[in-house]
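Below is one structure, written out as structure tokens; the observations come after it.
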Amino acid sequence: MAMTTDIRTPAPQRPRTGSAAPPGPGPRRGRLRTLWGSTIGKKAVMAVTGLLMLAYLLVHMLGNLKVFFGPEDMNGYAHWLRTLGEPLLRYGWFLWIARAVLLAAVVLHGVSAYQLSRRDLAARPVGYRHRRRGSSYATRTMRWGGIILALFLVWHVLDLTTGTVNPRGQEGHPYENIVAGFRTWYANVIYLVAMLAVGLHIRHGFWSAAQTLGVTRPGTARLLKAGATVLAAAITAGFVSVPVGVMTGVVN
Amino acid sequence: MNLTLRIWRQPDAESPGEMRTYEVEDISPDMSFLEMLDTLNETLLTRGEEPVAFDHDCREGICGACGMVINGAAHGPERTTTCQLHMRHFADGDTVDVEPWRAAAFPVVRDLVVDRSAFDRVIGAGGYITAPTGAAPEAHATAVPKPAADAAFTHAECIGCGACVAACPNGSAMLFTSAKVNHLAALPQGAPERETRVLDMVAQMDAEGFGGCTLTGECATACPKGIPMPSIAAMNREYLRATAKR
Amino acid sequence: MNTPSTPSTPSTPYQDYRTGEPAVDTKAPDGPVAERWNRRRFEAKLVNPANRRKHTVIVVGTGLAGGSAGATLAEAGYRVVQFCYQDSPRRAHSVAAQGGINAAKNYRNDGDSVQRLFYDTVKGGDFRSRESNVYRLAEISTGIIDQCVAQGVPFAREYGGLLDTRSFGGVQVSRTFYARGQTGQQLLLGAYQALSRQIATGAVEMHPRTEMLDLIVIDGRARGIVARDLLTGRIESHFADAVVLATGGYGNVFHLSTNAKNSNATAVWRAHRRGAHFANPCFTQIHPTCIPRSGDHQSKLTLMSESLRNDGRVWVPAEPGDDRAPQDIPEDERDYYLERLYPSFGNLVPRDIASRAAKNVCDEGRGVGPGGHGHRGGAEGSSVEGGGGRREGVYLDFADALARMGRKAVEERYGNLFEMYARITAEDPYTRPMRIYPAIHYTMGGLWVDYDLMTTVPGLFAIGEANFSDHGANRLGASALMQGLADGYFVLPATLGDYLARAPHQPADPDHPAVHEAVRAVSDRLDALLSAGGDRSPESFHRELGALLWDECGMSRTEEGLRKALERIPELRAEFWRRVRVPGSGAALNQSLEQANRVADHLELAELMCLDALHRAESCGGHFREEHRTPDGEAAREDEAFCYAAAWEFTGTGTAPVLHKEALHFEHVHPTQRSYT
């Protein structure tokens, strides 16, 4: 029998950082587990949930603009949202379904972001002594922006959904609640900071989602980047116009 | 020219390391960065000190062995390998910081030498076409459109130096992995294993402890062979396609 | 075992070699040359597939030959244990080959055939190679392309999707397949990927960063190697039923060459010391188109693909000492010397001829550019200290090509080479002619092997550049990649089985005295290096040896110079063991120790090279002896006396070796004086 032995020391086993993936075809994990288990898959989850939330934000922003047409328009629109889907759905169901979907999206988006960030930080445990100025600007913006947005979300729900922290907080009267809310300085500050964060988050996130989902091709990168900027600017401007409207007295 | 070098010295993987300062004199602008380090090592050796360990071999920019972070940039200020970086890109009196690749998946072995075997395992997980010797059909049996051949070549140029990982703030190996995935996916010969290849390589890449991609683009900027950033998006597409298809 | 530190007083002076029994290739089949390989394969015994797993094969090196062999043997079912000194098998120096790979596909319908590739290779090798081997190489060449395409090697293609080819290095058919200027890289990655697949399945046990330091021979058979783990410094013995050396050439004996900085001759030299004959060590190839040296700090030379000569024109100023910038020298004061001397081949003459012509014009004082070697006094024509004397460089001018084809076409074809040149020299080759000078590039000599690629030590095989077999005295461009892959993918896997099937199959005894002796020899030698405690770096010895060899055993050689070198080398070797300084310990990564150990072997191999060059009193291919030239100055072969391969047997460090002559027979290609005028 031939053999390979080491007469001095046991055969060297090089340190392996990772374990081998199952080679070749064979039993594989389910599709969703594969996705959720891989960095690319998790990024794809973030991309899809992000795009979903982006679509929601766009509608939300357009809806908000009704505030400029007076209380009837605004409150009527709010009422219509609750009757949407009737008679298939009962009153308010659509909104609850939307809320559930959004909540799931937020949770998936957040959990993925958290796990990926943890992983990214662990993958570079030691930095360079010689620091260069910032390429990781976008990454930092996304991470801190994401945290700011998560906190804002809590405030926003307490302010205009449950009315808990709203000075008026009357259900069924969003127009009045909005106007009341934006009469306080802190609401304006919180809101404006958050909308800035939304803009930056969308600008990088949209582009990032496109990359993650692999829709970019060498030729379309610039177009997508420009699209992301326009979209981010439009949404931010749309949202910001409301408090500005209240502050300047256009809305009251 | 004369330079002050601050070089990471670390006796072995377990011991702590530190930046140490060295002065080098009479450096010719025509020297490569490695030849400049040779000069330093020659001086250290005759003084009885241990020379600085660094990986290097072909010294013509193709084997991918060399690589160090010079003034915070993988392979230094020029877009090339460290062996092809020449001292004419530095000025007399400069202070130059030299550090090893930093990533959890590339542990430091000694001084500027790191363990990049994770790359080999990523390739072993699926970065090939199963074509046992002797089984090949006549080379002209399948025509490959020139654009496909060119696309394959662009990605096949990767030298596996690891600069992408070193430059990435997340220690991500997406550019490296995508280069091989895209090289083989572009060719008809690579089609039968197209799905398993990307799934297995990405799984191995993750298992090695590389970080994820946050699209900072640092990898493509550092890549001495110019593997383009869209390569990563293309791999993402391959991956999602493979997940959906199988 | 000789103690390394004391060069024993040789019993007979080194130059007084003895001629022993002729070397006989017992495996060479006879009959019509076109049927020999088929016959050999049919006659070879096979190992039952079920038993292959029980056979272990050690493969040292992971270049084109080693990588392809390891992968193929593992696919066949053998247990492979493979080694490379690099941190990854993908970095072997085959990766740096630029130009291309030959194959007799005749896709161009330009009259190519197996027969013609065979003929060109025998003639190109100046009739110092074996017809049987060369024919086999030509025959196998076509299958290599098929194999590589199937692996996904992205060869250059035409718009129709079919493979593109070009003409290369003094050949009149277009048979060279290429992948831009990175053919070696792409072929190597193909082999590396195939090997990686086998590593992942466990069929190949890969040991990167591990260097072979000795061969274990038990009862006359190669049964393993002693290797050093370069990270931990551990000395390990590994056992097998056969050992394959795929460790490349020994060009780095010259210190400056186009080889990788760490390429070395240790594996083949240790095998030679253990009984493997070394053939034709003086057959070294100089590549004409390298970037000239820029100064004494130079650590290696960079080659630029010979394909540049397809469109570039080589010239120097007509008058010596012309200091004008190239663009200021009018046409009629330029000497396009290759076109003048060799009108029918012009700039495309074979490598040895182009190289020597460049040396001659520089010797005449017509060299250009700043490069030269100022530190080397003594030799005729060497520069005066401080420059200003001899310049080493000739122009390779693309002005005509740029005017004819346009910049875009030139960029398309040579862009990456131009870029590399500009990066290294800081000169723009689009506006100023490139400067080139010859450099050591490839070694045709190597371990003597029979038709089965087995050395004189049963069970020890040598493949690729490590053996001597196919290129004779000069290798044609784009044939190294072809030979490496032919050996690894096709030849060795077929012939190795025959040896394994016939050899007694029993485990090697790890406690055999030969094993302990080999391990001790390695440890003693490393200890001797570490404890020499001198004042000179290994690099300084390497540089000095290289300068000596380049002057006396380089592009042209004289009896006087070779005798001088043979006197100097033992002195230098003795000084090395006395004065070398290796800091650090042997129990960790120690690159100085690695280098010192390699230089120690170079200091022995160099001596054999010079002796071989001295004994071969003729000029042929890369071996040019000043005393043996035709009236018009070309190489003059002496077929009567030297139509043989010289296989040298080791007898001890510094003691006269024994010469075994393997007579060469030319039945199909009749030896003629090579003429390219």
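Glycine is treated like the rest: Cβ placed from N, Cα and C.
If you look up TrEMBL, you'll see A:1-30 marked as region 'Disordered'.
Residues or ranges marked as transmembrane segment in TrEMBL: A:44-63 (among others).
Away from its own ends, the transmembrane segment (A:93-116) comes close to residues 39, 42-43, 45-46, 49-50, 52-53, 56, 81-82, 84-85, 142-143, 146, 150, 153 of its chain (Cβ-Cβ under 8 Å, at least six residues beyond either end). Per TrEMBL, the feature transmembrane segment maps to A:93-116 (among others).
Summarising the annotation, TrEMBL assigns transmembrane segment to A:137-158 (among others). Long-range contacts of the transmembrane segment (A:137-158) within the same chain: residues 106, 110, 113, 117, 164-166, 190-191, 193-194, 197-198, 200-201, 204-205, 208, each at least 6 residues beyond the stretch ends and with a Cβ under 8 Å from a Cβ of the stretch.
Per TrEMBL, the feature transmembrane segment maps to A:185-202 (among others).
Look at TrEMBL and you will find A:223-246 (among others) tagged as transmembrane segment.
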Request  = Could you pull out which residues elsewhere in the chain have a CB under 8 Å from any CB of the transmembrane segment (A:44-63), counting only those six or more residues past its ends?
outcome  = 35-36, 77, 81, 98, 101-102, 104-106, 108-109, 112-113, 116, 198, 202, 205-206, 208-210, 212-213, 231, 234-235, 238-239
Message = Which residues of the chain, 6 or more past the ends of the transmembrane segment (A:185-202), have a CB below 8 A from one of its CBs?
response = 54, 57, 141-142, 145-146, 148-149, 152, 155-156, 159, 228, 231-233, 235-236, 239-240, 243, 247
